[in-house]
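Following: one structure in structure tokens, then a few remarks.
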Amino acid sequence: MLNSRSVGSTGSNNTPLGRRRFDEKPDSLPPLPDANGMSNGYRDSYKSNSRMDHRPDGYHDGRGRRAYRKHYWGHPTPIEEMLPSQMELETAVKSCMTMEQLELYSLNVRLEEITQKLRTGDVVPHHRERSPSPPPQYDNHGRRLNTREIRYKKKLEDERHRIIERAMKMVPGFRAPSDYRRPAKTQEKVYVPVKDYPEINFIGLLIGPRGHTLKDMEAKSGAKIAIRGKGSVKEGKGRSDPSVRGNMEEDLHCLVTADSEDKINHAIKLIDNVIQTAASVPEGQNDLKRNQLRQLATLNGTLRDDENQVCQNCGNVGHRRFDCPERINHTMNIVCRHCGSIGHIARDCPVRDQQPPMADSTADREYQSLMQELGGGSAISNGNGEPQKSIEFSESGAASPQAGHPPPWAAASTSVSSSTSSPAPWAKPASSAAPSNPAPWQQPAAPQSAPALSMNPSSLPPWQQPTQQSAVQPSNLVPSQNAPFIPGTSAPLPPTTFAPPGVPLPPIPGAPGMPNLNMSQPPMVPPGMALPPGMPAPFPGYPAVPAMPGIPGATAPPGAPGSYNTSESSNLNAPPGVSMPNGYSNR
């Protein structure tokens, strides 16, 4: 007895599900009539199609679904949708062929099918079992960019381009269809698994420090790689660019563009290698990540080369102590508080009962030498002529005489009891008495006082003594002129010190090297020069210099008759106890 629920005017299925699912035999119940009293012969009336009524039994199943003919090269094509030209294509292989010939034949058949679809415009499949359409996209003019016809046509064109590229590699003389236009550039998208690994920074690994990793991949593959999609651009940037704004709705991906398929495949391989390494290897062991950090430090100038660093724990090169893979050496971390050495404690110190040597004795010896040199003493010996020894530790290793006493720097005011060693320079008491043999830079400067001028002409140097000459009459003086300086005579006076005849010279206060004396007028005419005609001789005791015949005003040369030698008449002898200057001798 049928349930009352199964009988109705809606034409719903009244067959139990368990019976349809597990019973292999066809249902023996007759088909129920529809609301109009007609029966379509199928239980699933809502899936029925009028075209299925006239189809042979071999082209539909018991559920009313359409059957398709399977092809080798791609998506199935319904038989009723195939054109006559497509039905004539020979797909059966009737002769023996090699693998290369079979592959080339299949490529040729698929290429003819795609070309026929593109020529007729029949690119959209008619069956309803197709993928759902993506959200619509529009350009700046409001035209839709991803309609069904555009998407399927682009898909067929990309497939035909790949087939032709592959056929051209296999057959050098292969000819493409006449309507084929090779695209200038080929694009491919490689999606990044950001949703599966949200904690990994794929963008940073792909771009690298200042874009060097991305540039290296582009240089190796010859293709251009661009990162597009969500997360590729910071918020607020790129909104004005329509190309960037259109890609922001897609998932994060790498857009690879090149002019050949090989370059694109090489770039895709490099991108997949980076993604797989980041997803499978921990961050601390990722060589790509470490190389990028090292390269970034090199670009910033903060690189510290650890390859030449010596480990303080194991002594190997290439790592530091905190990264040492070997066991930690606790002995090297123990420092003795008594002697300052490493490797033992103060209880086991070998010099615990002795005065430990200073760690920096060389610096102390240099400092002592410097202080002794500044103090005027010797840096290599003490007062008794013995070599200077260290005051902190003796060479024999025994305790020094001062063992148990405070260190020298703590008892600066105490005197040293040992007579064989002098105290340190910093321990010497400050003495008010001046040293017996001070250093040149410690000697007091001489007082600056004006030299006392003696009024006795005999105490002056020879070159400052006045020449002995006879009394000069006021009538014998000539107008003042600059007298030249002659060696062996007195120094000339300034031009302003000459007085008119009969007027004594005033004293010259503060003249350097000149006494304050009222000296007589020096000769106005140098030796060897004749006075003008009519001028009396300034030195009556000496004969006048005869003039040379024929030349008025010229004197006779030395040695001529009537001439005299001035060098013989001058007294250049130095006073007793005074040596002559260089270049002069006593006559």
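Think of each number as a place in line: the chain as shown, counted from 1.
Cβ atoms here come from the backbone N, Cα and C positions, even for glycine.
According to Swiss-Prot, the feature compositional bias 'Polar residues' maps to 1-16 (among others).
Sequence annotations record features per position, and here Swiss-Prot assigns compositional bias 'Basic and acidic residues' to 44-64.
Under the heading compositional bias 'Polar residues', Swiss-Prot lists 379-399 (among others).
Look at Swiss-Prot and you will find 410-454 tagged as compositional bias 'Low complexity'.
The compositional bias 'Polar residues' annotation in Swiss-Prot covers 465-483 (among others).
Per Swiss-Prot, compositional bias 'Polar residues' is recorded for 563-573 (among others).
Annotated domain 'KH' per Swiss-Prot: 191-271, in sequence order, evidence recorded as sequence analysis.
Under the heading phosphoserine, Swiss-Prot lists Ser131 (among others). Here the Cβ of Ser131 (phosphoserine) has 6 other Cβ atoms within 10 Å, regardless of which shown protein chain they belong to.
Swiss-Prot lists Ser133 (among others) with the feature phosphoserine. In this structure, Ser133 (phosphoserine) belongs to neither helix nor strand by DSSP; it is coil. Ser133 (phosphoserine) has a Cβ environment of 10 other Cβ atoms inside 10 Å.
According to Swiss-Prot, the zinc finger annotation covers 309-326 (among others), on the basis of sequence analysis.
The zinc finger annotation in Swiss-Prot covers 334-351 (among others). Counted with DSSP, the zinc finger (334-351) comes out as 3 helix, 2 strand, 13 coil.
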- Query: What are the DSSP helix, strand and coil residue counts for the zinc finger (309-326)?
  - Reply: 3 helix, 2 strand, 13 coil
